Amino acid sequence: MSQQNIPFTNNVQTADFSVQHSKSEKVNLMNMTRQEMREFLANLGEKPFRADQLMKWIYHFGEDEFDNMSNINKVLREKLKKVAEIKAPAIAIEQRSSDGTIKWAMQVGNQQIETVYIPEGDRATLCVSSQVGCALECKFCSTAQQGFNRNLTVSEIIGQVWRASKIIGNFGITGVRPITNVVMMGMGEPLLNMNNVIPAMQIMLDDFAYGLSKRRVTLSTAGVVPALDLMREKIDVALAISLHAPNNELRNEIMPINKKYNIKMLMDSVAKYLAVSNANHGKVTIEYVLLDHVNDGTEHAHQLAEVLKNTPCKINLIPWNPFPEAPYGKSSNSRVDRFQKTLMEYGFTVIVRKTRGDDIDAACGQLAGEVIDRTKRTLEKRKFGKSIMVNNH
């Protein structure tokens, strides 16, 4: 199947990045937590338990047609058909890797986001996107090269889980393992879309929806410190920090957000989150992508150990996954091994993440989708004749 590419956009400076709907449109029930659905149904004169029933139909049974909800009376079904709908992003393209990984390009308006299913052993992880593109400009990430368009809505986030669950189905029937974990590590910076990401994660945790343990839902952030400080008051899930550099000078270069929220500010915020979190077992996951002769030297490992000496953590080393026109190279196995061993000598738990789905550009850092960029950054690149790479997957 052929794929068209349209750019994504998410801008931190603009006031509103959400999708605008006309007042005449039906309400999408996937945009609601169970409490919000109860309030919606109360306005229709219905009792709270109807929200519980609807949530089960939508998320336990994958139902999106009111007429098929047999324990909801016909009067309410007819009422709902007039004012509400159940709508998740549609699958535009599916790609299956030789290692069992599946990547879906999902349609959101006239753009596409990417969602990745990663089975391994007795678990299967779904990597979910939070924005159409990304505004953070991390130099080693394919998504960042697409620019930014907008935040995803709650329904567009939880709808990725719903759509994937529908396709994966029951393990005993399809031979494909059901989703056991969800990671907010797809396209976008989740903490720049808190108003939609948090309700979506609440639905993931809700027993009337997916009922995932808070230890099986992970939010990964590049370090939007004020939002992380706020998140600890809103929800408790597993936390992963995209650190990728052991000092501010290098992190400023490869992750410009560090110029605003430096490493100390970020790690102080992490400590506050861990102090109140039950989901993290007292430890945060540190993600560190290895770039050949950029951040993978022995001196970098020693610096990283110093940065993390007071932070209970597990370190995930991520072999960098190439994308077109990227300015970096992949670290050799010997450099990866040396980096890992150096950190382990300090007593850290250090895992080298296995690359999955790289044959379909579904590996970490390779997600691109189709983004209509709205940032001045890519407009400037076009002005000065620099090519903007849009990947066709």
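Easy rule for this one: first residue shown is 1, then count along the chain.
Each Cβ is built from the backbone N, Cα and C atoms, and glycine gets one as well.
The DSSP secondary structure for Glu114 (active site, proton acceptor) is strand. What Swiss-Prot lists as active site, proton acceptor is Glu114.
In the predicted structure, the domain 'Radical SAM core' (120-359) carries a mean pLDDT of 93. Taken from Swiss-Prot, the feature domain 'Radical SAM core' covers 120-359, and the record attributes it to sequence analysis.
Swiss-Prot lists Cys127-Cys364 with the feature disulfide bond. Counting every protein chain shown, 27 other Cβ atoms lie within 10 Å of the Cβ of Cys127 (disulfide bond). Secondary structure from DSSP puts Cys127 (disulfide bond) in a beta strand.
Among the features that Swiss-Prot reports, [4Fe-4S] cluster binding site is placed at Cys134, Cys138, Cys141.
Annotation for Ser220 (S-adenosyl-L-methionine binding site): same-chain Cβ neighbours under 8 Å, separated by at least 6 residues, are Val183, Met184, Met185, Pro190, Ala240, Ile241, Ser242, Glu287. The annotation S-adenosyl-L-methionine binding site is assigned in Swiss-Prot to Gly188, Glu189, Ser220, Ser242, Leu243, His244, Asn321.
As annotated by Swiss-Prot, active site, S-methylcysteine intermediate applies to Cys364, with the evidence given as sequence analysis.
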>> Using a 10 Å cut-off on CB atoms, tell me which of the binding-site residues Cys138, Cys141, Leu243 is the least crowded.
In response: Cys138
> Closest of the recorded positions to Gly188 (S-adenosyl-L-methionine binding site), Cα to Cα, picking from Cys127, Cys134, Cys141?
Replying inline: Cys134
>> For a quick check of packing: other C-beta atoms within 10 Å of the C-beta of Asn321 (S-adenosyl-L-methionine binding site), how many?
In response: 22
>> Can you tell me which of the recorded positions Glu114, Cys127, Leu243, His244, Asn321 is spatially closest to Cys134 ([4Fe-4S] cluster binding site)? Compare CA atoms only.
In response: Glu114
